[in-house]
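The compositional bias 'Polar residues' feature in TrEMBL is assigned to 1-13. Residues or ranges marked as region 'Disordered' in TrEMBL: 1-49. The transmembrane segment annotation in TrEMBL covers 114-136, 156-175, 196-216, 222-239, 260-277, 283-301, 313-332, 344-363, 370-389, 401-426.
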């Protein structure tokens with residue numbers, strides 16, 4: 001009797017026609033078998049393969065593997081990410097640093113295209129410069145500061161600079177939206193950066209508030225509705241996520257940058273009241289006040305957001321100061337005087353400001369980044385509110401306070417602007433590879449025992465105690481151990 005193994009090994013690899021006929025006949029038999037058996041389970045037995053046949057389709061297998069890898073990479077890039085995935089893969093106060101054992105879908109050893117490295121946080125520069133234009137306009141037009149003999153030349157210059165800067169950043173990010181839409185989509189899903197999508201709208205509001213009198217003194221009221229309509233739709237989207245109870249609820253994603261979603265309400269109320277409107281500005285002021293109180297309490301409680309609020313002080317913590325400072329000016333414009341409501345908001349912002357400034361040691365050890373622009377516009381907002389306060393409560397103390405606050409805000413903007421220019425054009429490290437938008441949609445594979453520890457399987461098995469009664473056969477498997485029980 002012939003050995004089937006020896007017979008199969010005698011087939012020569014140099015006869016491709018015979019092998020093709022063999023494969024076709026095998027595939028035909030498999031098709032007929034599948035039709036006959038239907039969905040029933042089939043058992044396959046091992047069979048020896050002709051020598052050399054495993055190399056016949058090696059090239060086709062390699063091509064198929066390359067195509068599948070490309071499809072997997074495209075799938076990871078285009079697949080939407082949840083808030084939990086961002087928290088699991090990233091760390092740091094702004095969720096920009098990749099954790100260990102995490103991988104990104106783009107090459108780390110190469111410099112990515114500029115548009116792909118241009119983040120939405122670049123609008124922080126627009127906020128800083130445009131808020132300075134408002135501050136210098138208020139300095140030049142407040143009677144209590146007439147002893148400084150300031151004109152609106154600085155305001156005029158800063159306004160045009162902020163306009164050019166806003167156009168440059170907006171055009172650049174528009175090109176990013178066109179060519180790298182998935183990157184923009186991931187930024188919108190990012191728990192931190194989604195708040196910076198309010199920054200372009202707030203920058204436009206600041207531009208309208210800081211416009212020099214030499215250009216126009218009265219803006220048309222219809223402009224306010226056009227500016228506030230997109231802000232309202234964006235707030236309904238974000239605020240709805242905060243209160244929906246899903247993965248993006250406020251107690252889970254709360255961080256200092258959420259104040260940007262609140263500042264737009266007070267800035268819009270301030271602009272609308274300066275145009276002579278009443279009901280619309282009051283509506284936005286009420287919405288901003290309600291959500292600011294909720295956000296303020298949530299951030300101070302630090303519920304599940306400990307990983308986004310580190311111990312060290314970070315520039316974005318200065319955003320605590322911005323909302324009450326702008327609310328103070330909005331209330332003043334709504335009611336025509338710096339009354340008790342304006343003073344309450346101003347004193348809150350002033351206390352928060354000094355409580356952050358005195359903690360100088362917490363500012364050390366940070367590498368420069370675009371996040372440093374978070375210092376600028378809150379400081380400018382508090383300085384502008386102090387100028388308004390000195391106009392209502394005249395005296396040497398209030399005048400000195402307004403000058404000191406304005407000088408500190410101006411020096412901060414100049415310093416951050418110089419560092420930005422140096423890192424952008426000299427060191428060329430202002431826009432590194434943005435790993436925050438290139439994380440893998442799938443978490444790294446973990447060992448089974450590690451998953452059990454992480455999910456608490458071992459801990460639950462230790463905590464659970466089976467309690468049996470001699471008179472009762474029921475067993476309570478969820479009763480906790482009586483650690484402090486005393487034997488009688």
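From the backbone N, Cα and C atoms, a Cβ is placed for every residue, glycine too.
Contact count against the transmembrane segment (260-277) (Cβ pairs under 8 Å) is highest for 196-216, out of 156-175, 196-216, 313-332, 344-363, 401-426.
Within its own chain, the transmembrane segment (401-426) is flanked in space by residues 125, 128-129, 132, 135, 139, 144-145, 148, 368, 370, 372-373, 375-376, 379-380, 382-383, 386-387, 389-390, which lie at least six positions past its ends and keep a Cβ under 8 Å from the stretch. Same-chain residues lying 6 or more positions outside the transmembrane segment (114-136) and placing a CB less than 8 Å from one of its CB atoms are 94, 150, 152, 154-155, 158-159, 161-162, 165-166, 169, 172-173, 175-176, 179-180, 183-184, 187, 193, 196-197, 199-200, 202-203, 206-207, 209-210, 370-371, 373-374, 376-377, 380-381, 383-384, 387, 406, 409-410, 413, 416-417, 420, 431-434, 436. Against the transmembrane segment (370-389), stretch 313-332 has more CB pairs under 8 A than any other of 196-216, 313-332, 344-363. Between the transmembrane segment (313-332) and the transmembrane segment (344-363) there are 3 or more Cβ pairs closer than 8 Å, counting only residues 6 or more apart in sequence, so the two stretches are in contact. Listed as Cβ neighbours of the transmembrane segment (222-239) (distance under 8 Å, sequence separation of 6 or more from its ends, same chain) are residues 194-195, 197-198, 201, 204-205, 208, 261, 264-265, 268, 271-272, 275, 277, 280, 284, 287, 291. For the transmembrane segment (196-216), the list of distant contacts is 120-121, 123-124, 126-127, 130-131, 133-134, 137, 141, 152, 155-156, 158-159, 162-163, 166, 170, 188, 223, 227, 230-231, 234, 257, 260-261, 263-264, 267-268, 270-271, 274, 377: same-chain residues at least six beyond its ends, Cβ to Cβ under 8 Å.
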